[in-house]
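Read the structure below first, then the notes.
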Amino acid sequence: MEQIMSLIKERDPEQREFHQAVQEVVETVKPVLDRNMEYRQQAVLKRITEPERVIMFRVPWMDDDGQVQVNRGFRVEMNSALGPYKGGLRFHPSVNLGIIKFLAFEQVFKNSLTTLAMGGGKGGSDFNPKGKSDGEVMRFCQSFMAELYRHIGPNTDVPAGDIGVGAREIGYLFGMYKKLKNEFTGVLTGKSLAWGGSLIRPEATGYGNVYFAAEMLATRGQTMEGKTCLVSGSGNVAQFTTEKILQLGGKVVTLSDSSGYIYDEAGITKEKLDYVKQLKNIQRGRIAEYAKQYPEAVYTPVDANQDANPIWAHKADCAMPCATQNEINKQDAAHLVAGGVFLVSEGANMPSTPEAIDILLDNGLLYAPGKAANAGGVAVSGLEMAQNSMRLSWPREEVDARLKHIMKSIHKTCLDAASEYGAGQNYLVGANIAGFTKVVNAMLDQGLV
Ligand SMILES: NC(=O)C1=CN([C@@H]2O[C@H](COP(=O)(O)OP(=O)(O)OC[C@H]3O[C@@H](n4cnc5c(N)ncnc54)[C@H](O)[C@@H]3O)[C@@H](O)[C@H]2O)C=CC1
Ligand SMILES: O=C(O)CCC(=O)C(=O)O
């Protein structure tokens with residue numbers, strides 16, 4: 001295990017997030033390797049931590065002032081043992097190869113857990129959509145696709161959205177792909193309903209996250225009814241996590257963005273959530289506006305370099321981090337415990353640092369890692385692919401029922417794997433072992449390729 005970590009660190013010393021994601025998996029799957037000598041003989045860890053293919057490219061585009069801008073584009077095709085590469089695109093200034101590799105690596109195990117036939121990949125760019133006009137975003141997306149189109153396809157690699165990539169960007173990307181290839185296929189998911197999208201895909205990650213949390217609560221004879229929840233972020237995953245908590249009778253008291261957070265002690269109602277959707281998805285404004293619209297809420301600016309984020313220090317029952325990686329550090333985790341939180345379900349990818357996870361587990365919290373709890377998004381993307389292949393659209397109730405069934409099945413798979421390896425109700429161990437075993441067995445079946 002140490003050998004594999006030093007190899008990875010030596011090879012790509014600057015890829016901290018990737019090292020973190022690999023370390024977590026390597027530590028938890030050790031007992032699986034101990035039980036199966038073939039895995040070691042076949043060097044499965046070395047193979048699974050090296051992407052099958054990395055694509056990096058120049059993305060030149062012209063801004064509204066007629067100036068040429070150049071960004072960097074990425075697609076990491078991590079593993080195709082279970083199906084075509086599948087995973088989102090992230091447009092954010094922090095994007096670099098290490099971040100895309102960590103996301104692609106997580107995606108492999110997540111997709112394995114969904115029960116659907118999808119390999120893992122992830123992509124994106126250091127382009128910052130914030131403050132850009134629709135025209136600038138369109139020209140950027142067209143330039144991005146002018147290179148990416150030759151590497152993807154409905155049976156090869158099927159990208160979707162992630163941070164900074166929503167319905168608008170998927171539309172521009174799809175339009176350019178269609179023009180270049182002269183074919184109308186399900187090459188991207190998260191498409192609009194009128195041209196191949198699936199009902200429930202926009203809601204799926206957030207709804208799935210809450211379905212998973214409800215399954216965890218059920219193991220303690222409890223439900224969401226009456227639970228107070230801290231939710232971070234205010235984008236796609238945060239909005240629909242909040243919506244489902246409200247539908248199940250819970251209360252959400254916080255939302256955030258990269259500048260700060262709001263605390264609304266009375267709870268975010270459906271009407272207030274509709275305002276947030278308008279503010280974030282249409283006006284593309286800041287969450288600070290919420291406290292101007294609803295003066296009973298308090299807005300607190302947060303500096304990314306602060307030791308702890310005060311959002312996690314409020315008293316609550318549940319916490320759903322839905323913004324970005326490493327947003328809960330060890331101080332934040334200690335605050336969650338002190339504030340009475342007994343369940344953490346990760347809507348974001350890798351939002352808790354390893355030290356934070358240790359604190360949550362040591363204090364007996366119900367803790368669901370992102371690769372299990374937020375798998376509903378990619379699962380419904382898989383259902384969108386199925387509908388595209390059949391040229392059919394399933395009704396909302398059918399997709400929602402399938403999503404619920406998949407989240408239930410992931411929950412059970414995690415518990416079964418954890419129990420098989422004597423790890424009790426440790427969902428992190430269960431998710432990693434179950435996800436890993438399925439992928440590795442498929443790799444071995446397919447030979448040394
Ligand atoms: N969209 C999807 O289907 C899925 C998304 N995820 C993960 O969920 C998280 C959120 O993604 P989306 O909601 O899709 O993106 P989004 O672009 O709709 O929203 C991102 C939200 O996070 C906030 N944010 C970004 N960086 C931040 C920072 N440094 N500090 C505080 N807040 C920050 C943004 O202000 C925004 O509210 C990400 O970790 C993503 O990888 C995971 C599974 C599927
Ligand atoms: O829907 C998809 O293909 C990808 C969603 C995603 O990027 C994720 O699960 O992190």
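Each residue, glycine too, has its Cβ placed from N, Cα and C.
Feature annotations, reproduced from TrEMBL:
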{"type": "ACT_SITE", "residues": "K122", "note": "active site, proton donor"}
{"type": "BINDING", "residues": "K86, Q107, K110, G161, S381", "note": "substrate binding site"}
{"type": "BINDING", "residues": "T205, N236", "note": "NAD(+) binding site"}
{"type": "SITE", "residues": "D162", "note": "site 'Important for catalysis'"}
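Taking the features listed in TrEMBL, we show where each one sits on the structure.
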residue : record                    : DSSP class
K86     : substrate binding site    : strand
Q107    : substrate binding site    : helix
K122    : active site, proton donor : strand
G161    : substrate binding site    : strand
T205    : NAD(+) binding site       : helix
N236    : NAD(+) binding site       : helix
S381    : substrate binding site    : helix
> Between D162 (site 'Important for catalysis') and Q107 (substrate binding site), what is the CA-CA distance rounded to a whole number of Å?
Replying inline: 12
>> Return the residues near N236 (NAD(+) binding site) by Cβ distance under 8 Å, restricted to its own chain and a separation of at least 6 in sequence.
In response: G161, G166, P202, T205, G206
> For the recorded substrate site formed by K86, Q107, K110, G161, S381, which further same-chain residues have Cβ atoms within 8 Å of the site's Cβ center?
Replying inline: G87, G88, N111, M118, G120, K122, A160, T189, G377, V378
> Same-chain residues six or more away whose CB lies under 8 A from the CB of K110 (substrate binding site)?
Replying inline: G120, G370, K371, A372, N374, A375, V378, G435
>> Let me make sure I understand the span of the substrate site: among K86, Q107, K110, G161, S381, what is the greatest distance between any two Cα atoms, in Å?
In response: 16
> Quick one: Cα separation, S381 (substrate binding site) versus K122 (active site, proton donor), in Å?
Replying inline: 14
> Which whole-number value in Å describes the distance between the Cα atoms of K86 (substrate binding site) and K122 (active site, proton donor)?
Replying inline: 7
>> Out of the recorded positions I have (K86, Q107, K110, G161, D162, N236), which ones have their Cβ sitting under 6 Å from ligand 1?
In response: G161, D162, N236
> How far is it from Q107 (substrate binding site) to the residue listed as 'active site, proton donor', counting Cα to Cα, in Å?
Replying inline: 8
> What count of other C-beta atoms do you get within 10 angstroms of the C-beta of S381 (substrate binding site), across all chains shown?
Replying inline: 29
> Counting only residues 6+ apart in the same chain, whose Cβ is under 8 Å from the Cβ of K122 (active site, proton donor)?
Replying inline: R75, V76, M78, G87, G88, L89, R90, I100, K101, L103, A104, Q107, D162
>> Taking ligand 2 as the reference and 6 angstroms as the Cβ limit (strictly under), which binding-site residues among G161, T205, N236 are close?
In response: none
>> Please give me the CB contact count at 10 A for Q107 (substrate binding site), counting all chains in the structure.
In response: 27
